[in-house]
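Q: Let me begin by handing over the structure; questions about it come next.
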Amino acid sequence: MNPYILAILLFGLGLGTTITFASSHWLLAWMGLEMNTLAIIPLMAQHHHPRAVEATTKYFLTQAAAAATLLFASITNAWLTGQWEIQQISHPLPATMITLALALKIGLAPLHAWLPEVLQGLDLTTGLILSTWQKLAPFALILQIQPSNSTLLIILGITSTLIGGWGGLNQTQLRKILAYSSIAHLGWMILVLQFSPSITLLTLLTYFIMTFSTFLVFKLNKATNINTLATSWTKAPALTALTPLILLSLGGLPPLTGFMPKWLILQELTKQGLAPTATLAALTALLSLYFYLRLSYAMTLTISPNNLTGTTPWRLPSTQLTYPLAISTAMTTCLLPLTPAISALLTP
């Protein structure tokens with residue numbers, strides 16, 4: 001892609017998110033979300049592969065439906081209460097509709113079905129943008145309207161952690177596994193949102209760091225399914241030794257960074273008298289942990305194939321920049337001891 005066009009599209013992505021962040025009026029927030037969607041669509045379809053075009057079309061239709069529902073709900077709210085302010089959602093009907101529209105935007109279960117399909121059709125770089133940056137703007141809106149519908153958020157959160165864990169069990173495609181991982185992590189964030197927004201932000205931040213590391217590892221290895229992971233020993237042995245730590249951190253295993261948000265969320269839910277919800281969420285984390293273990297096993301404990309077609313890609317040296325990967329890998333594995341400092345910084 002032409003660098004000027006790429007710069008304009010990335011600027012559009014940033015501007016759309018910033019407009020939504022800065023808005024207090026529903027129409028302005030809706031415009032920011034639309035700019036966001038329109039800026040990422042050319043990035044998704046840039047390879048002109050039928051699968052990429054299909055994924056782009058699915059994404060466009062889903063986001064258009066979510067944006068239309070959001071606009072309809074905000075107009076309904078203005079009609080019922082005379083308010084266009086984002087934080088003035090007092091009527092339960094528009095509040096529920098807006099929450100469901102934003103859940104569809106970010107891919108929360110049971111409105112998640114588009115996410116694995118869309119992510120599977122994209123290359124890893126665009127998939128990374130979709131899994132991280134595109135979640136920011138809708139999340140900012142959910143954060144502002146969250147006191148109005150507590151039961152709905154808990155139902156969405158538990159359903160997402162359950163489906164995110166269950167859906168990834170039988171997958172062999174890495175991008176689909178990462179999509180289900182995203183659904184499960186979003187479920188954890190939504191669960192604790194109304195009780196402690198600072199823990200939600202911390203979870204979102206650690207999820208971004210861990211996902212960034214994972215996508216970069218797969219991009220470096222040019223891996224798109226579980227079988228191709230077995231050839232990574234000969235491409236980058238040191239990175240292959242570190243990757244299970246990244247994957248297990250995503251699964252939330254102590255003493256890695258991914259354990260921090262889960263620990264704080266379970267603690268907060270128990271404080272709020274939701275021990276059954278916390279127990280169910282902890283059990284769903286085991287499902288996710290299983291498929292991360294499966295990836296780790298395929299990558300480090302299986303013998304790589306030695307036929308000619310398998311040998312060829314091993315010999316190609318990578319020209320990728322590895323500084324971002326080194327920084328994010330260190331953060332993905334080592335941030336747990338800093339939990340008290342980080343949570344103190346995020347607490348208002």
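In case you wondered, yes, glycine gets a Cβ from its N, Cα and C as well.
Just lifted these from TrEMBL, have a look:
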DOMAIN    23-287  domain 'NADH:quinone oxidoreductase/Mrp antiporter transmembrane'
TRANSMEM  60-80  transmembrane segment
TRANSMEM  92-115  transmembrane segment
TRANSMEM  151-170  transmembrane segment
TRANSMEM  177-195  transmembrane segment
TRANSMEM  201-221  transmembrane segment
TRANSMEM  233-253  transmembrane segment
TRANSMEM  273-293  transmembrane segment
DOMAIN    289-342  domain 'NADH dehydrogenase subunit 2 C-terminal'
Q: Return the average pLDDT for the domain 'NADH dehydrogenase subunit 2 C-terminal' (289-342) as a whole number.
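A: Averaged over the domain 'NADH dehydrogenase subunit 2 C-terminal' (289-342), per-residue pLDDT gives 77.
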Q: Answer with yes or no whether the transmembrane segment (60-80) touches the transmembrane segment (151-170) by the criterion of at least three Cβ pairs under 8 A, sequence separation 6 or more.
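A: Judged by the Cβ rule, the two regions do not touch, with the required three close pairs absent.
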